[in-house]
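A short worksheet on the structure shown next.
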Amino acid sequence: MSQNHRTLLLVQKMVKTPPLKALSLFNNFTLQGLEHTPQSISFIIHHLLSSNLLTHARSLILKLLSGQISLPFFNPSTLLRQLTQLNSFPSSSRGYLFEAIINAHVQSRLPEDALFYFTHMVEQGLVPGSRVFNNVLSSLVKSNNFEKAWWVFSEFKDRTKLDVYSFGIMMKGCCQAGDLDRGFRFLVQLEEMGWSPNVVIYTTLIDGCCKNGDIERAKRLFFKMGEIGLVANCYTYTVLINGFFKKGLKKDGFELYEKMKGNGIVPSIHTYNSITNDYCNDGKISSAFLLFDEMRQQGVACNDVTYGILVGGLCRTKRVEEAEKLVNQMKGDGISPSLITFNRLIDGFCNVGNLDKALSLFNELKSVGHSPSLVTYNVLLAGFARAQNLAGVADVVREMHERGISPCKVTYTILIDAFVRSDEMEKASQIHSSMEKAGLVPDVYTYGVLIHGLCMKGTMKEASRLFTSMSEKHLEPSDVIYNMIIYGFCKEGNSYKALKLLKEMSKNGMVPNPASYGSTIRVLCKDIKWREAELVLKEMIMSGLTPPVSIYDLISKAKEDTMLKLKSTLI
(Lines of atoms letter the chains of each structure in order from A and count residues from 1; the text may use other names and numbers.)
(Lines give C-alpha, C1' and ligand atoms only; values in the text may rest on other atoms or scores of the structure.)
Protein backbone atom coordinates (compact mmCIF):
# COMPACT_ATOMS: atom_id res chain seq x y z
CA MET A 1 0.00 0.00 0.00
CA SER A 2 1.45 3.40 -1.00
CA GLN A 3 2.14 6.09 1.56
CA ASN A 4 -0.40 8.45 -0.03
CA HIS A 5 -3.07 5.76 0.14
CA ARG A 6 -2.33 5.09 3.83
CA THR A 7 -2.53 8.83 4.54
CA LEU A 8 -5.90 9.01 2.77
CA LEU A 9 -7.25 6.12 4.84
CA LEU A 10 -6.16 7.82 8.07
CA VAL A 11 -7.81 11.09 7.04
CA GLN A 12 -11.02 9.17 6.29
CA LYS A 13 -10.79 7.62 9.76
CA MET A 14 -10.28 11.10 11.29
CA VAL A 15 -13.51 12.30 9.63
CA LYS A 16 -15.51 9.77 11.63
CA THR A 17 -13.91 10.57 15.02
CA PRO A 18 -14.42 13.48 17.48
CA PRO A 19 -12.11 16.48 16.85
CA LEU A 20 -9.68 15.89 19.74
CA LYS A 21 -9.37 12.18 18.88
CA ALA A 22 -8.80 13.22 15.26
CA LEU A 23 -6.10 15.64 16.41
CA SER A 24 -4.40 12.78 18.30
CA LEU A 25 -4.42 10.66 15.13
CA PHE A 26 -3.05 13.63 13.19
CA ASN A 27 -0.20 14.09 15.67
CA ASN A 28 0.70 10.37 15.33
CA PHE A 29 1.20 10.57 11.56
CA THR A 30 4.98 10.71 11.81
CA LEU A 31 5.08 7.83 14.31
CA GLN A 32 3.46 5.69 11.61
CA GLY A 33 6.02 6.76 9.04
CA LEU A 34 3.55 9.01 7.22
CA GLU A 35 4.01 12.55 5.95
CA HIS A 36 1.41 15.27 6.29
CA THR A 37 -0.26 16.58 3.17
CA PRO A 38 -2.07 19.86 2.50
CA GLN A 39 -5.31 17.84 2.56
CA SER A 40 -4.64 16.32 6.03
CA ILE A 41 -3.77 19.72 7.49
CA SER A 42 -6.74 21.46 5.85
CA PHE A 43 -9.08 18.80 7.19
CA ILE A 44 -7.85 18.89 10.82
CA ILE A 45 -7.94 22.71 10.92
CA HIS A 46 -11.52 22.68 9.59
CA HIS A 47 -12.51 19.90 12.02
CA LEU A 48 -11.17 21.87 15.01
CA LEU A 49 -12.70 25.20 13.96
CA SER A 50 -16.12 23.73 13.21
CA SER A 51 -16.09 22.37 16.78
CA ASN A 52 -15.12 25.82 18.11
CA LEU A 53 -11.69 24.58 19.26
CA LEU A 54 -9.91 27.81 18.29
CA THR A 55 -6.99 27.41 20.70
CA HIS A 56 -6.14 23.96 19.31
CA ALA A 57 -6.37 25.27 15.76
CA ARG A 58 -4.07 28.19 16.55
CA SER A 59 -1.58 25.85 18.25
CA LEU A 60 -1.50 23.65 15.15
CA ILE A 61 -0.90 26.66 12.88
CA LEU A 62 1.91 27.78 15.20
CA LYS A 63 3.57 24.37 14.77
CA LEU A 64 3.18 24.75 11.03
CA LEU A 65 4.82 28.21 11.05
CA SER A 66 7.70 27.09 13.29
CA GLY A 67 8.45 24.04 11.13
CA GLN A 68 7.41 21.49 13.78
CA ILE A 69 4.97 20.10 11.22
CA SER A 70 6.82 19.43 8.00
CA LEU A 71 5.23 19.61 4.60
CA PRO A 72 7.53 18.10 1.95
CA PHE A 73 7.47 20.03 -1.30
CA PHE A 74 4.90 22.48 0.11
CA ASN A 75 5.36 25.89 1.73
CA PRO A 76 3.24 26.51 4.90
CA SER A 77 2.60 30.13 3.80
CA THR A 78 1.28 28.92 0.45
CA LEU A 79 -1.05 26.48 2.21
CA LEU A 80 -2.40 29.16 4.58
CA ARG A 81 -2.98 31.56 1.69
CA GLN A 82 -4.86 28.87 -0.19
CA LEU A 83 -7.00 28.11 2.87
CA THR A 84 -8.00 31.78 3.19
CA GLN A 85 -9.05 32.10 -0.46
CA LEU A 86 -12.76 32.83 -0.88
CA ASN A 87 -14.86 29.62 -1.10
CA SER A 88 -11.93 27.38 -0.12
CA PHE A 89 -13.27 27.03 3.41
CA PRO A 90 -16.85 26.87 4.74
CA SER A 91 -18.27 30.36 5.34
CA SER A 92 -19.36 29.39 8.86
CA SER A 93 -15.75 28.78 9.90
CA ARG A 94 -13.94 31.32 7.71
CA GLY A 95 -13.91 34.04 10.37
CA TYR A 96 -12.52 31.63 12.95
CA LEU A 97 -9.89 30.47 10.43
CA PHE A 98 -8.65 34.02 9.86
CA GLU A 99 -8.56 34.76 13.59
CA ALA A 100 -6.55 31.58 14.28
CA ILE A 101 -4.08 32.38 11.49
CA ILE A 102 -3.73 36.05 12.51
CA ASN A 103 -3.24 35.23 16.19
CA ALA A 104 -0.70 32.51 15.34
CA HIS A 105 1.36 35.03 13.35
CA VAL A 106 1.11 37.55 16.19
CA GLN A 107 2.32 34.89 18.64
CA SER A 108 5.16 34.04 16.22
CA ARG A 109 6.16 37.74 16.22
CA LEU A 110 5.37 38.17 12.54
CA PRO A 111 3.32 41.40 12.64
CA GLU A 112 3.50 42.12 8.90
CA ASP A 113 2.12 38.66 8.06
CA ALA A 114 -0.58 39.06 10.70
CA LEU A 115 -1.53 42.37 9.08
CA PHE A 116 -1.63 40.73 5.63
CA TYR A 117 -4.23 38.17 6.78
CA PHE A 118 -6.15 40.82 8.73
CA THR A 119 -6.45 42.95 5.58
CA HIS A 120 -7.42 39.89 3.57
CA MET A 121 -10.10 39.07 6.16
CA VAL A 122 -11.69 42.53 5.91
CA GLU A 123 -11.53 42.44 2.10
CA GLN A 124 -13.62 39.27 2.17
CA GLY A 125 -16.37 41.16 4.01
CA LEU A 126 -15.68 39.62 7.39
CA VAL A 127 -15.73 41.79 10.52
CA PRO A 128 -12.79 41.04 12.85
CA GLY A 129 -13.52 41.04 16.56
CA SER A 130 -11.90 43.60 18.85
CA ARG A 131 -9.53 40.97 20.29
CA VAL A 132 -7.95 40.10 16.94
CA PHE A 133 -7.81 43.80 15.96
CA ASN A 134 -6.10 44.62 19.25
CA ASN A 135 -3.62 41.77 18.76
CA VAL A 136 -2.59 43.16 15.36
CA LEU A 137 -2.26 46.72 16.73
CA SER A 138 -0.30 45.52 19.76
CA SER A 139 2.11 43.42 17.66
CA LEU A 140 2.89 46.42 15.44
CA VAL A 141 3.44 48.72 18.43
CA LYS A 142 5.69 46.15 20.13
CA SER A 143 7.77 45.83 16.95
CA ASN A 144 8.36 49.63 17.01
CA ASN A 145 6.21 50.12 13.92
CA PHE A 146 3.87 52.69 15.43
CA GLU A 147 3.21 54.59 12.20
CA LYS A 148 1.96 51.35 10.60
CA ALA A 149 -0.24 50.76 13.67
CA TRP A 150 -1.59 54.31 13.26
CA TRP A 151 -2.42 53.59 9.61
CA VAL A 152 -4.15 50.29 10.52
CA PHE A 153 -6.25 51.98 13.20
CA SER A 154 -7.26 54.83 10.90
CA GLU A 155 -7.94 52.53 7.94
CA PHE A 156 -9.93 49.79 9.68
CA LYS A 157 -11.57 51.37 12.74
CA ASP A 158 -14.89 51.65 10.89
CA ARG A 159 -14.71 48.10 9.47
CA THR A 160 -13.88 46.18 12.63
CA LYS A 161 -14.99 46.00 16.24
CA LEU A 162 -13.30 48.38 18.66
CA ASP A 163 -13.18 48.49 22.43
CA VAL A 164 -11.54 50.66 25.08
CA TYR A 165 -8.35 48.60 24.87
CA SER A 166 -7.97 49.40 21.15
CA PHE A 167 -7.56 53.04 22.18
CA GLY A 168 -5.30 52.06 25.07
CA ILE A 169 -2.91 50.26 22.73
CA MET A 170 -2.72 53.29 20.45
CA MET A 171 -2.19 55.62 23.41
CA LYS A 172 0.69 53.45 24.58
CA GLY A 173 2.18 53.56 21.09
CA CYS A 174 1.89 57.36 21.02
CA CYS A 175 3.63 57.63 24.39
CA GLN A 176 6.43 55.31 23.30
CA ALA A 177 6.88 57.41 20.15
CA GLY A 178 7.04 60.57 22.31
CA ASP A 179 3.85 61.96 20.74
CA LEU A 180 1.80 62.81 23.85
CA ASP A 181 -0.51 65.21 22.02
CA ARG A 182 -1.66 62.47 19.67
CA GLY A 183 -2.17 60.19 22.68
CA PHE A 184 -4.45 62.76 24.30
CA ARG A 185 -6.39 63.11 21.04
CA PHE A 186 -7.16 59.40 21.32
CA LEU A 187 -8.54 60.05 24.80
CA VAL A 188 -10.85 62.75 23.44
CA GLN A 189 -11.92 60.49 20.56
CA LEU A 190 -12.66 57.68 23.01
CA GLU A 191 -14.88 59.96 25.10
CA GLU A 192 -16.63 61.33 21.98
CA MET A 193 -17.64 57.77 21.08
CA GLY A 194 -19.45 57.57 24.42
CA TRP A 195 -17.00 55.25 26.13
CA SER A 196 -15.64 55.95 29.60
CA PRO A 197 -11.84 55.71 30.00
CA ASN A 198 -10.88 53.18 32.67
CA VAL A 199 -7.99 53.10 35.13
CA VAL A 200 -5.76 51.29 32.60
CA ILE A 201 -6.27 54.07 30.01
CA TYR A 202 -5.44 56.81 32.49
CA THR A 203 -2.45 54.90 33.87
CA THR A 204 -1.11 54.39 30.33
CA LEU A 205 -1.21 58.15 29.67
CA ILE A 206 0.19 59.02 33.13
CA ASP A 207 3.07 56.61 32.52
CA GLY A 208 3.66 58.11 29.08
CA CYS A 209 3.70 61.65 30.48
CA CYS A 210 6.19 60.64 33.19
CA LYS A 211 8.50 58.88 30.73
CA ASN A 212 8.39 61.89 28.41
CA GLY A 213 9.12 64.32 31.26
CA ASP A 214 5.70 66.03 31.35
CA ILE A 215 5.06 65.58 35.07
CA GLU A 216 2.51 68.42 35.29
CA ARG A 217 0.28 66.75 32.72
CA ALA A 218 0.64 63.45 34.61
CA LYS A 219 -0.45 65.14 37.85
CA ARG A 220 -3.51 66.69 36.18
CA LEU A 221 -4.55 63.30 34.82
CA PHE A 222 -4.10 61.70 38.24
CA PHE A 223 -6.34 64.30 39.92
CA LYS A 224 -8.91 64.04 37.08
CA MET A 225 -9.18 60.30 37.78
CA GLY A 226 -10.30 61.07 41.32
CA GLU A 227 -12.73 63.72 40.12
CA ILE A 228 -14.56 61.29 37.80
CA GLY A 229 -14.67 58.55 40.43
CA LEU A 230 -11.87 56.27 39.22
CA VAL A 231 -9.72 54.73 41.96
CA ALA A 232 -6.01 54.71 41.16
CA ASN A 233 -4.44 51.29 41.56
CA CYS A 234 -0.99 50.36 42.80
CA TYR A 235 0.52 50.59 39.32
CA THR A 236 -0.93 54.08 38.77
CA TYR A 237 0.63 55.30 42.01
CA THR A 238 3.95 53.62 41.21
CA VAL A 239 4.38 55.16 37.75
CA LEU A 240 3.64 58.63 39.12
CA ILE A 241 5.99 58.14 42.08
CA ASN A 242 8.69 57.11 39.58
CA GLY A 243 7.90 60.19 37.51
CA PHE A 244 8.33 62.48 40.53
CA PHE A 245 11.68 60.87 41.41
CA LYS A 246 13.01 61.17 37.84
CA LYS A 247 12.17 64.88 37.91
CA GLY A 248 13.94 65.29 41.25
CA LEU A 249 10.62 65.95 43.04
CA LYS A 250 11.47 63.75 46.03
CA LYS A 251 9.00 65.39 48.41
CA ASP A 252 6.09 64.89 46.00
CA GLY A 253 7.10 61.28 45.42
CA PHE A 254 7.21 60.39 49.11
CA GLU A 255 3.97 62.28 49.82
CA LEU A 256 2.24 60.26 47.11
CA TYR A 257 3.72 57.06 48.55
CA GLU A 258 2.26 57.89 51.98
CA LYS A 259 -1.08 58.82 50.38
CA MET A 260 -1.12 55.48 48.61
CA LYS A 261 -0.63 53.57 51.86
CA GLY A 262 -3.14 55.84 53.61
CA ASN A 263 -5.74 54.87 50.99
CA GLY A 264 -5.24 51.23 51.89
CA ILE A 265 -3.31 50.27 48.76
CA VAL A 266 -0.53 47.80 49.53
CA PRO A 267 2.73 48.68 47.75
CA SER A 268 3.85 46.12 45.18
CA ILE A 269 7.41 44.89 44.66
CA HIS A 270 7.73 47.55 41.90
CA THR A 271 6.69 50.32 44.31
CA TYR A 272 9.13 49.14 46.96
CA ASN A 273 11.92 48.87 44.38
CA SER A 274 11.24 52.42 43.20
CA ILE A 275 11.48 53.83 46.73
CA THR A 276 14.54 51.70 47.52
CA ASN A 277 16.25 52.91 44.36
CA ASP A 278 15.63 56.54 45.29
CA TYR A 279 17.08 56.00 48.78
CA CYS A 280 20.17 54.35 47.29
CA ASN A 281 20.65 57.13 44.72
CA ASP A 282 20.63 59.64 47.58
CA GLY A 283 23.09 57.55 49.60
CA LYS A 284 20.45 56.79 52.25
CA ILE A 285 21.45 53.14 52.55
CA SER A 286 20.08 52.73 56.09
CA SER A 287 16.63 53.88 54.95
CA ALA A 288 16.82 51.51 51.98
CA PHE A 289 17.54 48.55 54.26
CA LEU A 290 14.71 49.54 56.63
CA LEU A 291 12.39 49.37 53.63
CA PHE A 292 13.97 46.03 52.68
CA ASP A 293 13.08 44.69 56.15
CA GLU A 294 9.55 46.10 55.83
CA MET A 295 9.07 44.28 52.54
CA ARG A 296 10.00 40.97 54.10
CA GLN A 297 7.73 41.62 57.10
CA GLN A 298 4.83 42.42 54.74
CA GLY A 299 5.43 39.13 52.91
CA VAL A 300 6.47 40.87 49.68
CA ALA A 301 8.96 38.58 47.94
CA CYS A 302 12.15 40.46 47.09
CA ASN A 303 13.40 39.84 43.57
CA ASP A 304 16.73 40.21 41.81
CA VAL A 305 15.95 43.86 41.05
CA THR A 306 15.58 44.60 44.78
CA TYR A 307 18.91 42.98 45.63
CA GLY A 308 20.58 44.57 42.60
CA ILE A 309 19.47 48.07 43.70
CA LEU A 310 20.83 47.50 47.22
CA VAL A 311 24.09 46.04 45.88
CA GLY A 312 24.50 49.12 43.67
CA GLY A 313 23.79 51.45 46.60
CA LEU A 314 26.38 49.73 48.81
CA CYS A 315 28.97 49.74 46.01
CA ARG A 316 28.47 53.45 45.33
CA THR A 317 29.34 54.13 48.98
CA LYS A 318 32.34 51.73 48.66
CA ARG A 319 30.84 49.19 51.08
CA VAL A 320 31.77 46.39 48.72
CA GLU A 321 32.27 43.66 51.33
CA GLU A 322 28.70 44.23 52.56
CA ALA A 323 27.51 44.18 48.96
CA GLU A 324 29.18 40.80 48.42
CA LYS A 325 27.55 39.43 51.61
CA LEU A 326 24.18 40.62 50.31
CA VAL A 327 24.75 38.75 47.05
CA ASN A 328 25.53 35.60 49.06
CA GLN A 329 22.32 36.16 51.06
CA MET A 330 20.49 36.54 47.79
CA LYS A 331 21.83 33.18 46.60
CA GLY A 332 20.78 31.68 49.94
CA ASP A 333 17.23 32.91 49.27
CA GLY A 334 17.27 30.99 46.00
CA ILE A 335 17.65 34.04 43.76
CA SER A 336 20.38 33.94 41.13
CA PRO A 337 22.20 37.26 40.63
CA SER A 338 21.51 38.79 37.24
CA LEU A 339 24.19 40.12 34.94
CA ILE A 340 23.28 43.65 36.09
CA THR A 341 23.92 42.68 39.74
CA PHE A 342 27.28 41.12 38.80
CA ASN A 343 28.22 44.26 36.82
CA ARG A 344 27.45 46.48 39.82
CA LEU A 345 29.51 44.32 42.17
CA ILE A 346 32.44 44.14 39.73
CA ASP A 347 32.28 47.91 39.33
CA GLY A 348 32.30 48.31 43.12
CA PHE A 349 35.48 46.26 43.52
CA CYS A 350 37.10 48.07 40.56
CA ASN A 351 36.35 51.42 42.20
CA VAL A 352 38.12 50.41 45.43
CA GLY A 353 41.08 49.11 43.45
CA ASN A 354 40.52 45.39 44.14
CA LEU A 355 40.95 44.19 40.57
CA ASP A 356 41.71 40.60 41.58
CA LYS A 357 38.27 40.30 43.20
CA ALA A 358 36.67 42.02 40.21
CA LEU A 359 38.26 39.45 37.87
CA SER A 360 37.17 36.61 40.16
CA LEU A 361 33.56 37.83 39.95
CA PHE A 362 33.96 38.25 36.19
CA ASN A 363 34.95 34.58 35.91
CA GLU A 364 32.11 33.58 38.25
CA LEU A 365 29.45 35.29 36.15
CA LYS A 366 30.67 33.33 33.13
CA SER A 367 30.72 30.07 35.07
CA VAL A 368 27.05 30.45 36.09
CA GLY A 369 25.96 30.90 32.48
CA HIS A 370 25.96 34.67 31.95
CA SER A 371 27.58 36.16 28.85
CA PRO A 372 29.52 39.33 29.71
CA SER A 373 27.95 42.37 28.09
CA LEU A 374 29.62 45.47 26.70
CA VAL A 375 28.83 47.13 30.05
CA THR A 376 30.75 44.36 31.87
CA TYR A 377 33.82 44.90 29.71
CA ASN A 378 33.61 48.69 30.04
CA VAL A 379 33.48 48.37 33.84
CA LEU A 380 36.63 46.20 33.83
CA LEU A 381 38.42 48.46 31.35
CA ALA A 382 37.67 51.53 33.51
CA GLY A 383 39.05 49.68 36.56
CA PHE A 384 42.31 48.80 34.81
CA ALA A 385 42.53 52.32 33.34
CA ARG A 386 42.30 53.91 36.80
CA ALA A 387 45.00 51.54 38.04
CA GLN A 388 47.16 52.44 34.99
CA ASN A 389 47.34 48.71 34.25
CA LEU A 390 47.72 48.67 30.47
CA ALA A 391 48.37 44.91 30.41
CA GLY A 392 44.98 44.34 32.02
CA VAL A 393 43.39 46.73 29.53
CA ALA A 394 44.94 44.78 26.65
CA ASP A 395 43.64 41.45 28.03
CA VAL A 396 40.09 42.77 28.28
CA VAL A 397 40.21 44.25 24.76
CA ARG A 398 41.53 40.92 23.44
CA GLU A 399 38.67 38.97 25.02
CA MET A 400 36.12 41.47 23.67
CA HIS A 401 37.52 40.90 20.19
CA GLU A 402 37.42 37.10 20.62
CA ARG A 403 33.76 37.26 21.68
CA GLY A 404 32.88 39.53 18.77
CA ILE A 405 31.84 42.46 20.98
CA SER A 406 32.40 45.79 19.24
CA PRO A 407 33.55 48.77 21.32
CA CYS A 408 31.15 51.68 21.74
CA LYS A 409 31.80 55.37 22.32
CA VAL A 410 32.20 54.76 26.07
CA THR A 411 34.74 51.96 25.43
CA TYR A 412 36.90 54.18 23.24
CA THR A 413 36.74 57.00 25.79
CA ILE A 414 37.85 54.62 28.57
CA LEU A 415 40.77 53.43 26.39
CA ILE A 416 41.79 57.01 25.64
CA ASP A 417 41.66 57.75 29.38
CA ALA A 418 43.81 54.66 30.09
CA PHE A 419 46.59 55.92 27.83
CA VAL A 420 46.24 59.51 29.07
CA ARG A 421 46.68 58.32 32.65
CA SER A 422 49.77 56.34 31.60
CA ASP A 423 51.20 59.45 29.87
CA GLU A 424 50.98 57.89 26.40
CA MET A 425 49.32 60.74 24.52
CA GLU A 426 50.37 59.50 21.09
CA LYS A 427 48.57 56.21 21.69
CA ALA A 428 45.55 58.08 23.09
CA SER A 429 45.38 60.16 19.89
CA GLN A 430 45.57 56.97 17.80
CA ILE A 431 42.60 55.51 19.70
CA HIS A 432 40.73 58.79 19.07
CA SER A 433 41.41 58.45 15.33
CA SER A 434 40.28 54.79 15.37
CA MET A 435 37.08 55.86 17.08
CA GLU A 436 36.27 58.36 14.34
CA LYS A 437 37.17 55.84 11.61
CA ALA A 438 34.69 53.43 13.20
CA GLY A 439 31.99 56.06 12.64
CA LEU A 440 31.61 56.95 16.30
CA VAL A 441 31.40 60.65 17.12
CA PRO A 442 33.33 61.61 20.28
CA ASP A 443 31.21 63.27 22.94
CA VAL A 444 32.04 66.03 25.41
CA TYR A 445 33.51 63.54 27.88
CA THR A 446 35.83 62.07 25.20
CA TYR A 447 37.10 65.53 24.34
CA GLY A 448 37.50 66.31 28.04
CA VAL A 449 39.74 63.29 28.58
CA LEU A 450 41.94 64.17 25.59
CA ILE A 451 42.16 67.89 26.40
CA HIS A 452 43.02 67.07 30.02
CA GLY A 453 45.94 64.88 28.90
CA LEU A 454 47.23 67.49 26.44
CA CYS A 455 46.99 70.27 29.05
CA MET A 456 48.91 68.16 31.57
CA LYS A 457 51.59 67.60 28.93
CA GLY A 458 51.65 71.31 28.08
CA THR A 459 50.71 70.62 24.45
CA MET A 460 48.39 73.61 24.29
CA LYS A 461 48.44 74.02 20.52
CA GLU A 462 46.88 70.57 20.08
CA ALA A 463 44.54 71.14 23.06
CA SER A 464 43.32 74.40 21.47
CA ARG A 465 42.76 72.64 18.14
CA LEU A 466 40.60 69.99 19.80
CA PHE A 467 38.74 72.62 21.82
CA THR A 468 37.93 74.60 18.65
CA SER A 469 36.88 71.46 16.75
CA MET A 470 34.17 70.79 19.34
CA SER A 471 32.04 73.63 18.00
CA GLU A 472 32.43 72.22 14.46
CA LYS A 473 30.81 69.03 15.75
CA HIS A 474 28.07 71.06 17.52
CA LEU A 475 29.37 70.13 20.97
CA GLU A 476 29.28 72.65 23.79
CA PRO A 477 32.39 72.44 26.03
CA SER A 478 31.50 71.79 29.67
CA ASP A 479 32.71 73.97 32.53
CA VAL A 480 35.19 71.17 33.38
CA ILE A 481 36.80 71.46 29.93
CA TYR A 482 36.94 75.27 30.17
CA ASN A 483 38.57 75.10 33.57
CA MET A 484 41.03 72.50 32.29
CA ILE A 485 42.16 74.50 29.28
CA ILE A 486 42.37 77.72 31.33
CA TYR A 487 44.67 75.84 33.69
CA GLY A 488 46.77 74.71 30.68
CA PHE A 489 47.19 78.26 29.36
CA CYS A 490 48.00 79.58 32.83
CA LYS A 491 50.60 76.84 33.25
CA GLU A 492 52.06 77.97 29.90
CA GLY A 493 51.99 81.58 31.11
CA ASN A 494 49.57 82.75 28.43
CA SER A 495 47.50 85.32 30.33
CA TYR A 496 45.78 86.59 27.17
CA LYS A 497 44.20 83.24 26.21
CA ALA A 498 43.39 82.34 29.82
CA LEU A 499 41.54 85.66 30.31
CA LYS A 500 39.75 85.28 26.97
CA LEU A 501 38.42 81.84 27.95
CA LEU A 502 37.44 83.05 31.40
CA LYS A 503 35.31 85.77 29.80
CA GLU A 504 33.86 83.26 27.35
CA MET A 505 32.79 81.03 30.23
CA SER A 506 30.93 83.88 31.92
CA LYS A 507 29.33 84.85 28.63
CA ASN A 508 28.04 81.27 28.25
CA GLY A 509 26.50 81.34 31.73
CA MET A 510 29.18 79.22 33.41
CA VAL A 511 30.94 79.98 36.67
CA PRO A 512 34.69 79.30 36.58
CA ASN A 513 35.98 77.35 39.56
CA PRO A 514 38.23 79.01 42.19
CA ALA A 515 41.34 77.42 40.60
CA SER A 516 40.60 79.03 37.21
CA TYR A 517 40.08 82.46 38.80
CA GLY A 518 43.18 82.08 40.96
CA SER A 519 45.44 80.80 38.15
CA THR A 520 44.31 83.56 35.77
CA ILE A 521 44.89 86.26 38.39
CA ARG A 522 48.37 84.84 39.12
CA VAL A 523 49.43 84.79 35.48
CA LEU A 524 48.01 88.32 34.95
CA CYS A 525 49.95 89.58 37.96
CA LYS A 526 53.08 87.89 36.66
CA ASP A 527 52.60 89.90 33.43
CA ILE A 528 52.08 93.04 35.58
CA LYS A 529 48.46 93.29 34.38
CA TRP A 530 47.07 94.17 37.80
CA ARG A 531 44.10 96.16 36.43
CA GLU A 532 42.84 93.08 34.53
CA ALA A 533 43.58 91.01 37.63
CA GLU A 534 41.45 93.34 39.77
CA LEU A 535 38.52 92.98 37.33
CA VAL A 536 38.81 89.19 37.49
CA LEU A 537 38.93 89.41 41.31
CA LYS A 538 35.77 91.52 41.29
CA GLU A 539 34.00 89.01 39.04
CA MET A 540 35.12 86.17 41.31
CA ILE A 541 33.57 87.86 44.36
CA MET A 542 30.36 88.65 42.43
CA SER A 543 30.02 84.95 41.51
CA GLY A 544 29.85 84.12 45.22
CA LEU A 545 33.39 82.82 45.68
CA THR A 546 35.71 83.95 48.48
CA PRO A 547 39.23 84.67 47.21
CA PRO A 548 42.13 83.60 49.47
CA VAL A 549 44.29 86.32 51.05
CA SER A 550 47.19 85.31 48.79
CA ILE A 551 45.27 86.62 45.75
CA TYR A 552 44.99 90.09 47.29
CA ASP A 553 48.71 89.97 48.10
CA LEU A 554 49.55 89.05 44.49
CA ILE A 555 47.60 92.02 43.11
CA SER A 556 49.16 94.38 45.67
CA LYS A 557 52.65 93.14 44.73
CA ALA A 558 51.85 93.58 41.01
CA LYS A 559 50.79 97.18 41.70
CA GLU A 560 54.00 97.82 43.64
CA ASP A 561 56.10 96.32 40.85
CA THR A 562 54.31 98.56 38.34
CA MET A 563 55.00 101.65 40.49
CA LEU A 564 58.66 100.69 40.90
CA LYS A 565 59.05 100.23 37.14
CA LEU A 566 57.34 103.57 36.55
CA LYS A 567 59.67 105.32 39.04
CA SER A 568 62.76 103.74 37.52
CA THR A 569 61.63 104.91 34.09
CA LEU A 570 61.13 108.49 35.33
CA ILE A 571 64.53 108.54 37.05
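From the backbone N, Cα and C atoms, a Cβ is placed for every residue, glycine too.
Pulled from TrEMBL:
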type: REPEAT; residues: 94-128; note: repeat 'PPR'
type: REPEAT; residues: 163-197; note: repeat 'PPR'
type: REPEAT; residues: 198-232; note: repeat 'PPR'
type: REPEAT; residues: 233-267; note: repeat 'PPR'
type: REPEAT; residues: 268-302; note: repeat 'PPR'
type: REPEAT; residues: 303-337; note: repeat 'PPR'
type: REPEAT; residues: 338-372; note: repeat 'PPR'
type: REPEAT; residues: 373-407; note: repeat 'PPR'
type: REPEAT; residues: 408-442; note: repeat 'PPR'
type: REPEAT; residues: 443-477; note: repeat 'PPR'
type: REPEAT; residues: 478-512; note: repeat 'PPR'
type: REPEAT; residues: 513-547; note: repeat 'PPR'
Remote residues contacting the repeat 'PPR' (303-337) - C-beta distance under 8 A, at least 6 residues beyond either end: 269, 272-273, 276-277, 279-281, 283, 285, 288-289, 292, 295, 344-345, 347-349, 351-352, 354, 357, 365, 368
The repeat 'PPR' (233-267) - residue tally per DSSP class, helix then strand then coil: 26 helix, 0 strand, 9 coil
PLDDT averaged over the residues of the repeat 'PPR' (198-232): 93
For the repeat 'PPR' (163-197), sequence-distant contacts whose Cβ falls under 8 Å of one of its Cβ atoms, 6 or more beyond its ends: 130, 133-134, 137-138, 140-141, 144, 146, 149-150, 153, 157, 204-205, 207-209, 211-212, 214, 217, 228, 230
Residue numbers, six or more beyond the limits of the repeat 'PPR' (198-232), whose CB comes under 8 Å of its CB atoms: 164-165, 167-168, 171-172, 174-176, 178, 180, 183-184, 187, 190, 239-240, 242-244, 246-247, 249, 265
Composition by DSSP (helix, strand, coil) of residues within the repeat 'PPR' (478-512): 27 helix, 0 strand, 8 coil
Counts by DSSP class (helix H/G/I, strand E/B, coil) across the repeat 'PPR' (163-197): 26 helix, 0 strand, 9 coil
Helix, strand and coil totals (DSSP H, G, I; E, B; other) for the repeat 'PPR' (373-407): 26 helix, 0 strand, 9 coil
DSSP-derived helix, strand and coil totals, residue by residue, for the repeat 'PPR' (94-128): 27 helix, 0 strand, 8 coil
